[in-house]
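S.K.: Supplied in structure tokens, the structure appears directly below.
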2 protein chains.
Amino acid sequence: MPVLLQAPDPAQILPVPGVRLGIAMAGVRKAQRKDLTVLLLDEGASVAGVFTANRFCAAPVQLCREHLQQDLGIRALLINTGNANAGTGSSGLNDARQCCAALAQLLQLQPQQVLPFSTGVIMEPLPVDRIVAGLPAALAAVRADAWAEAAEGIMTTDTLPKAASRQIQIQGRTVTLTGISKGAGMIRPNMATMLGFVATDAVIAPDLLQPLLREVADASFNRITIDGDTSTNDSFVLIATHQAGHAPITALDSAEGRALREALTALAQQLAQAIVRDGEGATKFITVQVSGGRDEAECRQVAYAVAHSPLVKTAFFASDPNLGRILAAVGYAGIADLDQSRIELYLDDVHVVTGGGRHPSYREEDGQRVMRQAEITVHVNLNRGTAQALVWTCDFSEEYVRINADYRS
Amino acid sequence: MPVLLQAPDPAQILPVPGVRLGIAMAGVRKAQRKDLTVLLLDEGASVAGVFTANRFCAAPVQLCREHLQQDLGIRALLINTGNANAGTGSSGLNDARQCCAALAQLLQLQPQQVLPFSTGVIMEPLPVDRIVAGLPAALAAVRADAWAEAAEGIMTTDTLPKAASRQIQIQGRTVTLTGISKGAGMIRPNMATMLGFVATDAVIAPDLLQPLLREVADASFNRITIDGDTSTNDSFVLIATHQAGHAPITALDSAEGRALREALTALAQQLAQAIVRDGEGATKFITVQVSGGRDEAECRQVAYAVAHSPLVKTAFFASDPNLGRILAAVGYAGIADLDQSRIELYLDDVHVVTGGGRHPSYREEDGQRVMRQAEITVHVNLNRGTAQALVWTCDFSEEYVRINADYRS
């Protein structure tokens, strides 16, 4: 049951001039599911992508990297669910190439102008025939206002589609940003999340797109974790169609560049947090904030140790302020010279630990009050520097095990 | 439900000359539980210990290190369950000192001749009064043949006591080794497990005890993981009473030293594996073996990534050969230059993956057959070197979540 998350209202998810979307049921794994999504981009659009750091990256991820590098101008994205085409060796790569070639042929493009994305079961051969057979229906359905439907088309174990829009003004012109994301398990992005697609009609120098995307990914999809399992297929793609009609943005630190970055970051954070809110079996949304570190890396290390501890996560599920488990995770995070006597711990506004032990004024009922909430912030102060970091995660319930023990059946 | 593990037959758990044990019910956390155990050592015994690497180590762990260093001759071990005396700051350290002092006074020893051990809930004040009040009953009960009962006395969420004995011959003399262990959650020892105590009457040069213990711990307790949570209280202690009557062992690589090391390692592995077999909610015992690495460190890193992945562990629980999850874990283990096209994966004797993709002869029903077993070996060959490592772990069931969400209630 998602944590304070609702299905987007399709009327609120705005089209982005230069992008059309078509969704079809190809029966990739199961019948009667929207499992095939095509995004068509007008000529002149720029595309940047960040992908999983998993060394066992999927065939479509390898192909995305190749096609982006060849730089013939990306004109279509092809996304299937039901099968990740990962752990499939060289035949998986051929399968992904065939899908790109089939879509390219229908659109009179080069195969290198298509980016493929797959999500679903690992180590099963991709049913190329069924995907290719589904392409005409997807193309026949393309519309500019199909983002909300596309958010459904890319779902796997997600219980709700994830989509969001924003508009900003640049030089008196309205610039639209719309994005969709998916993912609920195997989530500990390391570059980007399972799948995230954001498009804008902002006019921006194409070589700024990749650094902008990295910065936005680091502040959004790279800060979430559900189970610590970095997927083989994580991909986050930013599309700029350049159709908003304002003068091009040529520097990220210009006023216009900052406005775009802020709007993009807010949108990407909303989409990333939606993945955590819809985490498999999640009942709580937890922000782990670590401050007082020597550098950001050690703050992240501690935040992830807390966010990944099954004991911490089950205590949140139980609304049990068994907060010593958080201290234990801080202690084993791998900071060799950590001085436990300096650690402070807060649960929202409740000061739980000072000097490495229970705060004199801490009362169990105060901890209990916060633990019952649907959204909780854990704040650990290491008191050894000025750096900080934060990570968003969810709790760990019996439902997580049930979902992942049943996933293929 | 423990995996192929039975309660020890008390008749098979042999006394070690020079060690007596007493167990009492002190009501540390709940009434009518054996929660207080005292081990008394004859004068002249040598003791070595390895302790948690968690920076938030518990007060008793800090005191054990201190007392071992002061080297006045350890004569007693005091173990309580129900409360870990961890995350308790400086008052926790005082509490542990008071318990040692009280036992020392009853035995006419120095407080530094007592080693304290605590296990249970973190961040609660230790009920010193109840522990001190329970000491006379524990001392009145001391017997040489109470090892099996002591194994019960140190249990927390364990469902079965863990104890084992071995005998070897050295120079025609019978040497006995007996040990007990406990732990079922918060298990990813990094030095030693939750609690393990092994005693022998072997005669051995005291300065060999610590290196022997480290070597044995590395081959046993440091190879197990249940949930990846390194406890604040992990302690593994080796006692030598020197009463077996043979000439002293003065080198670990002598014939006698090797015989002792082998017997100790086998005993410690049995006790460590018993912890995994009794892992919270465990239904399967899994050996993760990684070979073909450049060094042992990278093999361990991959083995732990597989052993800690919630997705891998839930697939084992479901007996579902969803083996792509193992590949994904290998891929995100953090080996930057790993070449996925060299990876081989075996499940027991079934060759699942070759060249990074599904082996042509692999059939789902073969994977299914192995997955249904209570004991399974996962073998990953990285094919980039000659090093190897192995880790023992268990699966991840709804019962784990239930146990840890309910632990304090």
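Cβ atoms are placed via backbone N, Cα and C, with glycine included.
Feature list, courtesy of TrEMBL:
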ACT_SITE  B:THR193  active site, nucleophile
BINDING   B:THR156, B:LYS182, B:THR193, B:GLU280, B:ASN404, B:SER409  substrate binding site
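Could you place the listed features in the three-dimensional structure?
M.R.: When Cβ atoms from all protein chains are considered, those within 10 Å of B:GLU280 (substrate binding site) total 27, not counting its own.
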S.K.: Among the binding-site residues B:THR156, B:LYS182, B:GLU280, B:ASN404, say which ones reach under 8 Å of chain A by Cβ distance, listed as they appear in sequence.
M.R.: B:ASN404
S.K.: Starting from each candidate's C-beta and looking 10 angstroms out, tell me which of the binding-site residues B:THR156, B:ASN404 has the most other C-beta atoms.
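M.R.: Output for this query is B:ASN404.
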S.K.: Would you mind checking how many other C-beta atoms are within 10 angstroms of the C-beta on B:LYS182 (substrate binding site)?
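M.R.: 28, counting other Cβ atoms within 10 Å of B:LYS182 (substrate binding site).
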S.K.: With H, G and I counted as helix, E and B as strand and the rest as coil, say where DSSP puts B:THR156 (substrate binding site).
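M.R.: Assignment for B:THR156 (substrate binding site) reads coil.
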S.K.: DSSP on B:GLU280 (substrate binding site), three-state: which is it?
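M.R.: The residue in question, B:GLU280 (substrate binding site), is coil (DSSP, three-state).
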